[in-house]
Amino acid sequence: MLKTTQTSLFIFIGVFLLIFGTDQAIKYAILEGFRYESSIIDIVLVFNKGVAFSLLSFLEGSLKYLQILLILGLFIFLMRQIELFKAHTIEFGMVFGAGVSNILDRFVHGGVVDYVYYHYGFDFAIFNFADVMIDVGVGVLLIRQFFFKQKQNKIKA
């Protein structure tokens, strides 16, 4: 079934709000003091001033504006590539909802609220639900775009 642009926008907004709301609710619990410690994973509060693995933290306050430009640029690009947007509406809703949630943290808290610390066997960077949703959204998009598209092309041939 082919999705109309209006249906795609509705789905995008729904996924966006679900991811954004879930992430902000979890972060609220963390900010209110929820903690957990175990031999595998800890839930602790950290304010990340950079991006993944604290990269670009030297940009400090200007990083949030750079990220806004990046998100707006990507959204404008997607509106011009409407078939790509319609094909990956859910994935883009996940990425945008998570990305905007992390940007909001920068404005409200001075850094992204991170809290998941995996340390079984090795130390891993502290991350949050939004980070996972960005990874899952991009991963599913890449798998669907490259692997399933190649399969479709073979069927058509």
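Every residue, even glycine, has its Cβ placed from backbone N, Cα and C.
Feature annotation from Swiss-Prot assigns transmembrane segment to 10-30, 36-56, 58-78, 84-104, 123-143. Feature annotation from Swiss-Prot assigns active site to ASP114, ASP131.
The Cβ of ASP114 (active site) lies under 8 Å from the Cβ of VAL46, PHE47, ASN48, ILE126, PHE127, ASN128, ASP131, each of these being in the same chain and 6 or more residues away along the sequence. Other C-beta atoms found within 10 angstroms of the C-beta of ASP131 (active site) number 21, with every protein chain shown included.
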